[in-house]
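Peer 1: Pasting the feature list from TrEMBL:
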type: COMPBIAS; residues: 28-37; note: compositional bias 'Low complexity'
type: COMPBIAS; residues: 38-48; note: compositional bias 'Pro residues'
type: COMPBIAS; residues: 66-81; note: compositional bias 'Pro residues'
type: DOMAIN; residues: 363-467; note: domain 'SSD'
type: REGION; residues: 1-93; note: region 'Disordered'
type: TRANSMEM; residues: 119-139; note: transmembrane segment
type: TRANSMEM; residues: 358-380; note: transmembrane segment
type: TRANSMEM; residues: 392-414; note: transmembrane segment
type: TRANSMEM; residues: 420-441; note: transmembrane segment
type: TRANSMEM; residues: 462-479; note: transmembrane segment
Amino acid sequence: MSLNPSKVAPEPEPEREAGQGPGSEAQGPGPEIESGPPAGPGPEPEPPSAEGQDWEPERGRKPGPSAEPSPGPEAPPPPPASRSENLRAPRPRCHTNCLEAPLSRAFQRLGRKVGAHPWIFLLLPLALTAVLGTGLMYLPRDGEEDLEEQYTPIGSPAKAERRFVQTHFTANDSLIFSISRKSTEVPYASVLVVSNTETLLEPDILEEISKVDDAVQALTVTQDNGTQIPYSEVCTKNQGSCVPPNPLLFAWKRNKGLNLRTITFPIYSLAGQIVSLANILGGTVLGESMGPSQLLLQAKAMRLQYYLETGEGEENERSKAWMIHFLMKVGSLEESLALKKIQVVYFSSLSRQLEFEATSMTVVPLFHLAYLLIILFAIVSCYRCDCVRNKMWVAVFGVISTALAVVSGFGLMLYVGVPFVLIVANSPFLILGVGVDDMFIMISAWQKTSLTDSISERMSDVYSKVAVITFQLFVLLFHH
């Protein structure tokens, strides 16, 4: 009759022998020390596996140093695993390379194809560049820029709001010109006159300002075909006459006996008409109040604003030609008119665009030197004295591939009708920098591959490791 182990109280654990390690308890219950003589020597128990898992004795054999049954009570079963041990069990890990892994595999297959069929991947880009490069014939030659049209989105909300304003606030410039009703920037030429004395509200100073005004209105442009464009043909008109650049100066020229001590600011009643002086006089000193305005004691500066015609096609070209002529001639007026009491500063609505184009054209020649320096650096950096490790020709073809990409990209964009902006002419420098950087990365990855592998395997290894980084750099560059 056998005893149920669950009903027998376990005996206290005996002391370990001197040769027993401290980790034997975790592996299972050790052999108990019997009170009687030991049974004969038997086979030693099987050691635990390398993974540290508990080993089990064979069926029908009790654990112990001998295969013979022990006369003592049976050993207690091992304690169940604790909750903390269950929590330490390995769980499936979350993978974060859901995009990188398939890209790496795709580029790996592409690299194997490139290594297996090099001539196809060499001649196909050349043929594609030859086809797309013909789109460069649509490259604009005159370099004319419209900053608003080319640097703002086509369907921007600002343009939609402007069309709404133009629909509900129409203006007929042929009869009465009103700058406050214009929803677009009107072409203009501006002359700022600054007095060398405390105020310019003196007859002798106004006389010099009048000379400047007469000289500006006398400017005439002679085009290549011999056509002359005077200011009277391009100025904005009010009832058939050019709008005066400064109503106060216009009133003084018509009536030089005008009392300059009774002028009020910012509103001035001139021959029954209300004139605003806030945007044509600067550096003002005001006196006592006279109704809604104050008495004007001093004015340091005066602005002469010459508004030009706006329209479609030929009208804009004529106004632009006159403004360019104005910018070329007005700088010498101060010396030619022998002005002593005033200083002249000028500006036009075309100045910003012309300066932008001039800056771009002065910077573009410097990029040629930068291109040369980067190409030389890329080629020399890949030179090795060992003919096997020398990668100069790889660097040369890396630079050529960047040039092919620029020609193909520009040609494709011009084919689909994307307008060419002058600042884009500087982008090949950035593209060359990115291409050279990617070339260095691929050369470094190629040198880390095994020399015993085939070309296809080495290319596959390089593409799988490097092409993902190159793709990320391309996305980052495209995003910016």
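Yeah, the Cβs are placed from backbone N, Cα and C, and that goes for glycine too.
Any TrEMBL annotation is an automated prediction that lacks curation.
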Peer 1: Six or more residues out from either end of the transmembrane segment (119-139), which same-chain residues have a Cβ under 8 Å from its Cβ atoms?
Peer 2: 113, 401, 404, 407-415, 420
Peer 1: Are there residues at least six beyond either end of the transmembrane segment (392-414) with Cβ under 8 Å to its Cβ atoms? List them, or say none.
Peer 2: 125-126, 128-129, 132-136, 138-139, 375, 378-379, 381-383, 420, 428, 431-432, 435-436, 438-439, 443
Peer 1: Report the mean pLDDT of the predicted model across the domain 'SSD' (363-467), rounded to a whole number.
Peer 2: 85
Peer 1: Write out how many residues of the domain 'SSD' (363-467) are helix, how many strand and how many coil, based on DSSP.
Peer 2: 82 helix, 0 strand, 23 coil
